Amino acid sequence: MAYTFKLLPVFSAALIALASPVLARDITHELGTTDVPDDPKRIVVLEFSYIDALASVGVAPVGLADDGKRDRVIAPYIDVIGDDWVSVGTRKTPSLEIIASLQPDLIIADKTRHTAAYDTLSEIAPTIVLDSLGGDYHASVAQMAAIGTAIGKSVEMEARITAHKATMAEYVAQIKPKAEGIAAQFGVTNAKGLWLHSPRSYNGSLLEMFGFDSNMETADGAVYEKVYVPTTLEQLSEIDPDLLLVGAYADPSFVDGWAGETLYENLTSVKADQVLPVTAHNWSRLRGMLAAEMTAADVVRIMDALE
Amino acid sequence: MSHSVTAHGAGKLPRGLAVGLALAVLFSGALFSLATGGRSDVGLTDLWAPEGIAATVIYDTRAPRMFAATLLGLNLSLSGLILQAATRNPLASPAILGLNQGAALGLSLGLVLPLFSGVPLQVMALVGAFGAGVVTFAISGGFTGRMDSLRLVLGGVAVGAFSYAMVRFAFTLEDELARSVVRWTVGDITDIRWPAVRRLALWGLPGLFAALALSQRLNLMALGQASAQGLGADSRITLLLGTLIAAALTGVSVSVAGPIAFVGLVVPHLAKLLFGGDHRILVPVSALLGAALMLYADGVSKVLTAPVEAPVGVVVALIGAPWFLWQTVFARDLS
């Protein structure tokens with residue numbers, strides 16, 4: 001009897017130690033708390049920034065929303081995750097059937113795009129929802145840590161984040177002296193409009209971190225009002241940044257169509273020859289740590305060229 | 001102007017007063033449209049003797065947009081007026097007969113399918129509007145000379161629903177394509193420039209004269225298809241001419257601004273309420289009122305959700321839908 005009591009803590013500890021690998025963990029996210037298996041093997045991700053997270057710790061997803069175009073997953077990611085993933089369709093309307101057929105044990109979804117499908121996704125597999133599309137750079141890094149915890153790789157992820165922060169600090173040190181007093185603005189243009197990425201956006205907050213000013217006031221509203229703001233030429237002429245970085249999805253783009261118009265030609269950035277093209281896909285869609293580093297490298301190059 | 005058409009019923013207001021009011025509304029609408037926009041520092045006081053950036057803003061971006069709104073109102077209200085008279089159906093309008101949606105489908109196909117990538121979008125819009133019109137009239141029996149009013153509206157709703165279902169499918173495509181299609185199909189005139197205005201005028205002004213030329217035939221249609229026939233105006237020819245004019249006006253409008261509903265439905269009824277049923281008067285008056293409605297809608301679209309602009313098509317629907325409801329419930333000409 002006495003032995004039994006003495007052994008009880010030992011048994012308990014053994015039981016807990018045995019049980020913990022299969023115990024689910026609670027992950028708190030945008031839409032609540034989800035029990036996530038300890039070591040998920042079949043992960044489906046529905047935004048590009050989540051690929052960045054998985055690639056950061058060497059995990060390959062079984063399915064991902066690549067917009068039906070496999071070349072939208074850039075080479076540095078493919079080097080890590082391979083190209084065996086199954087496309088589950090567009091990020092905007094991923095195919096729930098394909099996701100279900102992959103029998104995932106974890107789905108990582110986006111707040112803006114997939115809140116409406118959250119219940120259905122949760123029936124397929126434990127689903128966590130993060131704010132990739134509407135969040136800024138700092139939120140994106142925080143999401144990386146959350147994903148690290150969710151996939152049971154928090155130690156590796158913390159190491160990657162620490163390295164990333166060090167890299168970014170070096171870039172910031174290079175850019176900041178040159179960015180002082182310059183109002184910079186990033187926007188994407190297709191054939192039908194220009195959308196400026198506000199200071200609340202991923203790119204806007206990055207430019208702010210690099211030490212640039214912004215002339216853009218941010219209104220409250222939905223993601224496509226406060227984060228990605230549709231902008232007319234007249235509105236742009238009021239914001240009038242010193243440096244305008246444009247990612248074009250169409251050739252000729254909507255912004256190209258403004259060439260020759262007095263209002264456009266009189267923009268500070270146009271007169272100073274500082275309307276510069278950047279890669280729309282890398283800047284606007286990726287939103288991960290690698291994307292931030294690529295953006296920073298682009299900005300270093302741009303500022304060197306401007307000198 | 002004689003009152004030989006009193007059989008159509010006179011308006012409720014003295015004609016001089018009504019015309020004066022309509023002109024005042026048009027003029028104030030034009031000022032409203034010119035005084036609002038993306039730059040908060042360019043307003044009403046800059047309209048007289050603008051200089052510097054204010055002059056550029058007003059001449060290069062706001063004036064073309066103001067004229068575009070005017071011409072869109074003219075085009076769409078005339079389309080509606082002609083369609084209502086030619087089909088003898090008070091519900092006829094570019095949106096109800098599926099012309100708007102057909103044009104939007106044409107645009108979407110042009111944007112989405114590589115097959116049509118060489119075809120200008122305006123041509124796609126015009127072909128879509130004509131195509132939808134032809135199918136709707138075929139369903140209603142219009143080409144046999146025995147148009148069924150109910151079948152016309154049902155046919156139009158079916159054609160419109162089918163076209164728009166196809167358009168909405170494009171919304172589910174990837175972001176950039178979907179955003180382009182949404183911008184095209186929502187009724188949007190932000191960033192309109194002079195070339196688009198010239199295109200609208202090129203079709204709209206001849207359309208106005210064609211409508212005036214057709215106005216006596218439209219009056220005869222009101223007497224009934226058999227009576228019109230008896231008076232030497234073959235109703236099928238009136239219908240065909242009317243449809244061609246309406247489809248052309250709708251097609252060019254959609255190619256510039258996307259489909260804008262309610263203007264073509266609501267304005268002709270308002271004009272009839274104020275000026276009676278003579279189409280020789282209704283044609284210019286509908287054009288005037290349609291333009292005024294669009295100008296106000298344009299102004300409101302710029303201030304409603306500022307600094308982000310609301311699509312003008314949404315604003316027109318916000319104004320037009322309650323009016324149409326009131327008309328349906330209380331006015332006589334729809335009962």
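Keep in mind that glycine also has a Cβ here, set from the backbone N, Cα and C atoms.
Among the features that TrEMBL reports, transmembrane segment is placed at B:66-83 (among others).
According to TrEMBL, the feature transmembrane segment maps to B:95-117 (among others). Proximity of distant same-chain residues to the transmembrane segment (B:95-117), defined by a Cβ-Cβ separation under 8 Å and at least 6 residues beyond the stretch ends, is recorded for 79, 83, 87, 124-133, 135-136, 152-153, 155-161, 163-164, 166-167, 170, 173, 177, 180-181, 184-185, 246-247, 250-251, 254-255, 258-262, 264-265.
Taking Cβ pairs closer than 8 Å, the transmembrane segment (B:123-143) reaches residues 87, 94, 97-107, 109-110, 116, 149, 151-152, 154-156, 158-160, 163, 236, 239, 243, 246-248, 250-252, 254-255 in its own chain, all 6 or more past its ends. Positions annotated as transmembrane segment by TrEMBL: B:123-143 (among others).
Long-range Cβ contacts of the transmembrane segment (B:150-171) within its own chain (Cβ-Cβ under 8 Å, at least 6 residues beyond either end) map to 87, 89, 91-92, 95-98, 100-102, 104-105, 108-109, 111-112, 128, 132, 135-142, 177-178, 181-182, 185. TrEMBL lists B:150-171 (among others) with the feature transmembrane segment.
Annotation comment: TrEMBL describes B:200-218 (among others) as transmembrane segment.
Annotated transmembrane segment per TrEMBL: B:239-267 (among others), in sequence order.
Sequence-distant contacts of the transmembrane segment (B:279-296) (same chain, six or more residues past either end, CB-CB distance under 8 Å): 1, 5, 18-19, 22-23, 25-26, 29-30, 32-33, 66, 69-78, 80-81, 85, 208, 211-212, 214-216, 218-219, 260, 263-264, 266-268, 270-272, 312, 316, 319-320. What TrEMBL lists as transmembrane segment is B:279-296 (among others).
TrEMBL lists B:308-326 (among others) with the feature transmembrane segment.
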Residues of the parent chain within Cβ reach of the transmembrane segment (B:308-326), under 8 Å, 6 or more residues beyond its termini: 38, 69, 186-190, 257-263, 265-266, 269-270, 293-294, 296-298, 300-302
